[in-house]
Amino acid sequence: MKALSKLKAEKGIWLVDAPKPVMGHNDLLIKIKKTAICGTDMHIYNWDEWSQKTIPVPMVVGHEYVGEVVDIGQEVRGFKIGDRVSGEGHITCGHCRNCRAGRTHLCRNTSGVGVNREGSFAEYLVIPAFNAFKIPDDISDDLASIFDPFGNAVHTALSFDLVGEDVLITGAGPIGIMAAAVCRHVGARHVVITDVNEYRLELARKMGATRAVNVSKESLKDVMKELGMTEGFDVGLEMSGVPSAFHAMLDTMNHGGKVAMLGIPGGEMAIDWSKVIFKGLVIKGIYGREMFETWYKMASLIQSGLDISPIITHHFKIDDFQQGFDAMGSGQSGKVILSWD
């Protein structure tokens, strides 16, 4: 089968002929229709320090996808051949304390599809049936293929009550932009998103952000004054991993504010903890998606009218994968879809 593999311990990704994955008794065999390129895939493509420590070579990568069930393990119940599915990319152990308590997204033994095991940049993928999510008929393949990052946005945004609240999002990558759309959809008052990438900020405006602020040109505090905000942001969503962005968030949070952190800093990050203490801030770390509450909320948000389609800016056939990675790496894109049909 065709697959995109991290074939060598160097920058790049390669289109190869790979063996079809072998299915176990509790697994589904999925014929991939569309995949999306994630920021994690770009780290692997660029072969950065994290990738060098984490990714076995060679390995098929990728973890954002939609496909069709074409075979079912003999112990599987609840799925049938022809079901259209996406899937949770975090494979959990099922026996640690968090798994047994229903907090599977916090499993300490998590294995990542396309990170620790064969991924979805291939004509076929095998995953445990437990991890598969049936896609409703009224949700397109394009949207289903980005459910993984959309889930990060939903999990982060819905960590705290948003109705009537003022929200600051630092980092206008695709996940931050989708989080802005979620916040507006569920009833936040002002949703302000910051970045220095004007292309991405314009996407955020299209997706409903109240203000998309280029912090290299405009002061966040000036924007707050323009919006009539006198007390600070009630909710902060840190999506960038950039220390200066998080510092700006701490400076502008209201007393009693709540912060959800998804962005991963490149190294240790010092902050002024007195601001956290004296403002009484709550900080919550976010990893992945809640299984499977986030997935049902994703589908329901789209079915209730949330439109995240503007975040998808590029489509390529799999044979043109290099153009897709180039587009994603340029910073002048939203989500990039690769078609396997």
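Cβ coordinates are placed from backbone N, Cα and C, and glycine is handled just like the others.
These features come from Swiss-Prot:
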ACT_SITE  Thr40  active site, charge relay system
ACT_SITE  His43  active site, charge relay system
BINDING   Cys38, His63, Glu64  Zn(2+) 1 binding site
BINDING   Cys93, Cys96, Cys99, Cys107  Zn(2+) 2 binding site
BINDING   Ile175, Asp195, Arg200, Leu262, Gly263, Ile264, Ile286, Tyr287  NAD(+) binding site
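Here the features listed in Swiss-Prot are painted onto the structure.
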| residue | record | CB count, 10 Å |
| --- | --- | --- |
| Cys38 | Zn(2+) 1 binding site | 24 |
| His63 | Zn(2+) 1 binding site | 25 |
| Cys93 | Zn(2+) 2 binding site | 14 |
| Cys96 | Zn(2+) 2 binding site | 16 |
| Cys99 | Zn(2+) 2 binding site | 19 |
| Cys107 | Zn(2+) 2 binding site | 21 |
| Leu262 | NAD(+) binding site | 25 |
| Gly263 | NAD(+) binding site | 19 |
| Ile286 | NAD(+) binding site | 20 |
| Tyr287 | NAD(+) binding site | 13 |
Fewest Cβ neighbours within 10 Å, where candidates are the binding-site residues Ile175, Ile264:
Ile264
Once near-sequence residues are set aside, which residues in the chain of His43 (active site, charge relay system), 6 or more away, have Cβ atoms under 8 Å from its Cβ?
Trp50, Ser51
Counting distance between Cα atoms, which of the binding-site residues Ile175, Asp195, Ile264 is nearest Cys99 (Zn(2+) 2 binding site)?
Ile264
With neighbours defined as other CB atoms within 10 A, the best-packed of the recorded positions Thr40, Glu64, Asp195 is Glu64
Reading the DSSP string in three states, the entry for Cys107 (Zn(2+) 2 binding site) is coil
Whole-Å Cα distance, Ile286 (NAD(+) binding site) to Thr40 (active site, charge relay system), is 16
Relative to the Cα of Ile264 (NAD(+) binding site), which of the binding-site residues Cys38, Glu64, Cys93 has the closest Cα?
Cys38
Report, in whole Å, the straight Cα-to-Cα distance of Cys38 (Zn(2+) 1 binding site) from Tyr287 (NAD(+) binding site).
15
To the nearest whole angstrom, state the Cα distance for the pair Thr40 (active site, charge relay system) and His63 (Zn(2+) 1 binding site).
9
Looking at the binding-site residues Cys93, Ile175, Asp195, Arg200, Leu262, whose Cα is closest in space to that of His63 (Zn(2+) 1 binding site)?
Ile175
Measure the Cβ-based neighbour count of Arg200 (NAD(+) binding site), defined as the other Cβ atoms within 10 Å of its Cβ.
23
